[in-house]
Amino acid sequence: MLQVLCLWFCFNLQLDYTQPIQKEVPKDAAVADGDSQIGTVGCVAVDNEGNLATATSTGGIVNKMVGRIGDTPIIGAGTYANHVCAISATGRGEAIIRGTIARDVAAVMEFKGLSLKEAAAYVIDQVPRGNAGLVAVSSTGEVAMPFNTTGMFRACATEDGYSEIAIWDSPTK
């Protein structure tokens with residue numbers, strides 16, 4: 001049993017490395033609209049022995065305060081893994097840091113006895129609307145991908161062939 005979840009989430013923020021859009025582009029050239037370069041990329045995984053791992057990389061934003069540190073490099077805020085679950089979060093870094101949302105998912109599972117889906121939904125509900133989303137996997141292979149934004153690019157694939165790719169809320173919610 002190997003589960004891998006990948007997250008790519010976009011906010012409408014201009015990144016430091018976004019190329020300016022040219023007014024006239026040759027017909028055979030790819031158009032850089034900026035959307036393909038925006039957002040966080042994260043991944044969580046569990047192997048057949050229940051070992052968990054996570055990795056998160058931020059896209060950053062332009063005009064950030066000098067010295068600003070986002071949530072991604074802060075373990076427990078934007079990324080976290082322990083023996084219970086692995087979480088990769090995305091969104092507005094300040095809200096994610098204040099809520100330490102990645103660690104909170106694991107803590108709610110450990111100390112309240114909730115499932116991964118229940119814990120992840122509970123934690124995302126505590127973050128101000130429009131500020132966060134996450135992908136998570138438990139040591140037993142349970143998957144959760146909640147968000148409180150309009151949409152979140154996300155995907156899941158398992159060793160047994162199951163896959164899910166989505167942006168918007170599922171109609172069953």
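Placement of Cβ uses the backbone N, Cα and C atoms for every residue, glycine included.
Annotations in TrEMBL come from automatic prediction, not curation.
Under the heading signal peptide, TrEMBL lists 1-18. Positions annotated as active site, nucleophile by TrEMBL: T40. Annotation source TrEMBL lists substrate binding site at R68, I69, G70, D71, T90, G91, R92, G93.
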Other CB atoms, at most 10 A from the CB of R92 (substrate binding site): 19
Pairwise CA distance, R68 (substrate binding site) versus the residue listed as 'active site, nucleophile', rounded so that it is a whole Å: 16
Maximum Cα-Cα separation (Å), residues R68, I69, G70, D71, T90, G91, R92, G93 listed as binding substrate: 16
Residue among recorded positions T40, T90 with least C-beta crowding, 10 angstrom cut-off: T40
Other CB atoms within 10 A, centred on D71 (substrate binding site): 27
Of G70, G93 (the binding-site residues), the residue whose Cβ has the fewest other Cβ atoms within 10 Å: G70
